[in-house]
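The block underneath contains the structure these notes are about, expressed in structure tokens.
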Amino acid sequence: MSAGRGVIVDVTTSAFAPPLSFGEQADGVTLDASQRAVVDAAIWGGKHVVLGAPGSGRTTTAVAAFAELAAAGGAEDLLLLVPTRRQAARVREAVATAVRHTVGRVLVRTPASLAFSVLRSRATLLGEPAPALLVGADQDRILAELLAGHAEGEGRPVPWPPSVPREALALRAFRGELRDVLMRAAEAGWDGEELARQGRRRRRPEWVACAAVLAEYTEITQLSSVTPDRGAQYDVATIVDEAARALATWEADLPGHEPPRWRTVIHDDYQDATLATARLLGTLAGHGSSLLLLGDPDTSVQTFRGAVPSLVARAGAAGSDVGAFGATVHTLRTVWRGTPALRSLVASLSDHLPALGGHERRRAAVAPAATGVPDGREEPGAWDPGRMRGDVDPLGSDAVEVAVVRSAGEEARLVARRLREVRLRDGVEWSRMAVVVRRTAQVAPLRRGLRAAGVPVATASAEVPLRDEPAVRPLLRALAMLDAGTCTPEEASWLLCSPLGGLDAVALRVLRRELRREEIAGGGERASDELLVELLDDPSRAATLPPRLRRACARLARTLARGAAAAAEPGASVETLLWALWDASGLASDWRERALGSGPTAERADADLDAVIALFRAAEQFADRTPGARAPDFLTYLETQEFASDTLAARGRRAESVPVLTASAAAGQEWDVVVVAGVQEDVWPDLRLRDSLLGAQAVAEVAAGRDAASAGPAQARRAVLHDELRMFVSALSRARRRLLLTAVQDGETRPSEFLRLASAGPAPRADDEPDHRLVRVPPALDLRGLVGVLRAETLRGRAADPWAVRLLASLAAAEVPFAHPDAWAGLAPTSTPQQLWADDDVVPVSPSSLEYLQACALRWLLTTAGGRSGSALPQEVGTLVHEIAADLPHGGAAELLAELDRRWPALGLPEGWAARRTRAGAEEMVRLLADYLAGVPGHVDVEVPVDVVVDRARIRGRVDRVEHTQDGVRIADLKTGATAVTAQEAEHHPQLGAYQAAARAGAFDGAAADGARLVYVGAGGRSAKHRQQAAPPPGDEDWTRAMLAEATDAMSASTFLAQANPSCERCPVRASCPVWPGGGRVVEP
């Protein structure tokens, strides 16, 4: 259901929703005395503000008040507000359960959602198109266009002061700060003139410049909505004040139409409300609404988005200040979450914060029922269907643990160990645990570490722009191709290697070779690029290809054909085109099947499906905002987004998994076990001044009545420290039963002061002083870890514990991996002493590997068996140059450079200095290649396969160039490396020698060998370097045959010698080489 369209509350529980701390039945909750007093006061009406410590049941009280108000007078004129949409989704389910019937209004909203609803109703009555909400990506795009226009001299001049470097104006980070200033000003109710006035008054010239941008930004968003088919556009900061103004002038603008009214408005987590929200509440109160505001200033987590924690305290005051409602103040006196130790920790940390609203809520004690009581009494004040009332806490009394480890890897292993302990020993479900961190950048590494340790981890939210999602890029690329009506070779190659085709770079190269082979066999001379495009236009040409290649080409061709057919339909839209492509791809069932599994593959499939859902949601929203827009408009819209766009689309979530999330995302939720990880110095607290360039936070402080603009850096950092501590308190207070805090102490990082505050003892004062919190991470609590411990004990010999030996034997009998000594590295005998090849076998020989064999037999063996590193960028560039040389065997410099330019995007390199340097190197290679080709004008065969037998050697390979001369054929091998062999080394170069031996054996249609050469196009210089190897004169061919004989003997051996040589530094298997430090056997016999 799209935003702003729904008017019926959905009372079903989504399978994708995270677990709630709310119960299944409203009447199953017994309120404590202070909660009961709040509900009774709310029923009588008026204005009330409720302060309560974390876990004191504020949300429980809010939902209970809502339920009783609904029972007394219906729910149609009730409204419950929360700061974020994710909180709204969770509370909405609790309210739907409590109300127990369908209601013709959405009962739980965010302030922005409420404002959108008000403005939509107003537009409907005025006969205007529905308004649109600008999300963060839209705002960033508009600001980027504005700043780019200013750089080109367009628009009104902006007086940026010298403190703002001109180079910064094009940076995304600068746009982020600028957007924050505009949003904070809008939340304060300031227009461009007021922001400029405040800037001049407080000597902030950057505010004056921002005011000019704000005025132009406002004009653009207003002008873009002055069309018959498009409604007004609002951003999240301005829409709330616009709604307040609309309500204030409703009767004048719409005589005869009653404005929207609510009998009671409840705002939970009011500590995260903004000034704009407070002004909207004031307008609603002026229209007769009763107010019930619940919050705790000590746990505000949205100050970076303009939240003002002091609004909770100000609500009880009377006066003309924004948010001063003169409300009756209530305090919840009992905490129903956590243990006494947890409650004591949270209270002690809260005491380090300013006492906004007084200290009374901090003195609330934890109720005995919160930790479990043996007498079966009902546990009041907390809705939690997963916890049995009266159960004794299975997690024990050690509720708070602080641990310091030596590395980030150890931290992930420790967290995984602790989570698995409570899962296996205490029976706590994975979904009742969570890991909380300070920064978004900490989430991915921890998720990877936990996943590697076997802990199921919840799918992460999108962190990149939608256009950059791996699952979305192929659909957008295909959409662009359909709009253009043509397929270029680059697009064909890229799509074949995308999920729509399913090939990798190696398979694509094989496909190109197969197409070229068939083309040459048919007498044609077309390049592989042209053949790829033709293949997608006519997939029947794939009939002779190997099965994997045939399936990939057929699937991509089918997908593109279905998309083209949809594009030809009358009234085709972006949504219908995308659906045609997606449906024809067949990826939905494949990814769904993977997502139902486990491990990294399932997680990737989860994320891909979520991204596709978000894409369709974005297409729907774009179509609503811009009726009649075509595919290029949608592609441009996505291309201008520089960060992940917000989406209302449901995201898949595994029922049994551990979420890893930031403190702000964890707000409003609770789990039995919470790990607060990465409590490092300079991470938590992060005392950097977030907006030191433009001063967005100072705007909010001035608007809130605190003249932070004249405060110095010390005061500003103190304010930041308080915000960080509030976030820390909020994170810690999410735990119901057990809390683990972790940090890393190594040569570069150390635990933060917050960890000391949470610890029982003092932190070490010097780097070399031992830390009592430092722990050794125990082995993993799984079968693999158990086997490791038992093996270590068993290998102690006579001192081994007999019980450990017997248990290990039992595991071995049960065929647990690596439990049996036969599987232990270093103990098993040599599997076989036999040679790889018998003395009379024909041995396959690859000429390109002979050089490695001569340098180090062990390297040859391991790399031949698959011990190769993935393709690095230099190899990919080299492959590209080889392909160009094969397709244009007589190309000139201009032609080769044009081909390089055409194919370069296929490498997918990002913009930047490194990419430019790589491109310059590739152009130099192509220039040297052109210089060489100009000197070889005769007939040339390229990519010529070789398969002949010389004595015991079956020479198999592919020659880059076979150049026909008057005396036969000359073999040329192109090298893109930067180091050339010497002329003397080339005389007996094994690769060239093997090819010359193959030529004498008739490999090239019986043509005689006229020498061979190595052509170095990557070594620089004015021209390509040649290293010649003359054809041995008749009767003097023994060295090549002797070299091949030595090679086949070495390849047939039963042992292979590791030899130190100059290429050891670049050896891909040196970690397995006994010559290399650290490359010996892991376990010695």
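Any Cβ shown, glycine's included, is placed from N, Cα and C.
Since the structure is predicted, the reported quantities are computational estimates derived from the model, not experimental observations.
What TrEMBL records for 31-339 is domain 'UvrD-like helicase ATP-binding'. When pLDDT values are averaged over the domain 'UvrD-like helicase ATP-binding' (31-339), the model yields 85.
The feature ATP binding site is assigned by TrEMBL to G52, A53, P54, G55, S56, G57, R58, T59. Within 10 Å of the C-beta atom of G55 (ATP binding site) sit 29 other C-beta atoms, taking all shown protein chains into account.
Taken from TrEMBL, the feature domain 'UvrD-like helicase C-terminal' covers 364-668.
According to TrEMBL, the compositional bias 'Basic and acidic residues' annotation covers 375-390.
In sequence order, V50, G52, D268, D269, L294, G295, D296, L332 are the residues of the chain that are 6 or more apart from R58 (ATP binding site) and have a CB within less than 8 Å of its CB. Sitting within 8 Å of the Cβ centre of G52, A53, P54, G55, S56, G57, R58, T59, and not among those site residues for ATP, are the Cβ atoms of T60, D296, L332, V335, W336, R337.
Fewest Cβ neighbours within 10 Å among the binding-site residues S56, T59: that distinction goes to T59. Local packing around the Cβ, expressed as the count of other Cβ atoms within 10 angstroms, is greatest for G57 among the binding-site residues G52, P54, G57. Long-range neighbours of A53 (ATP binding site) (same chain, six or more residues apart, CB within less than 8 Å of its CB): D296, D298, L332, V335, R343, V346, A347, S350, R361, R362, A364, S733.
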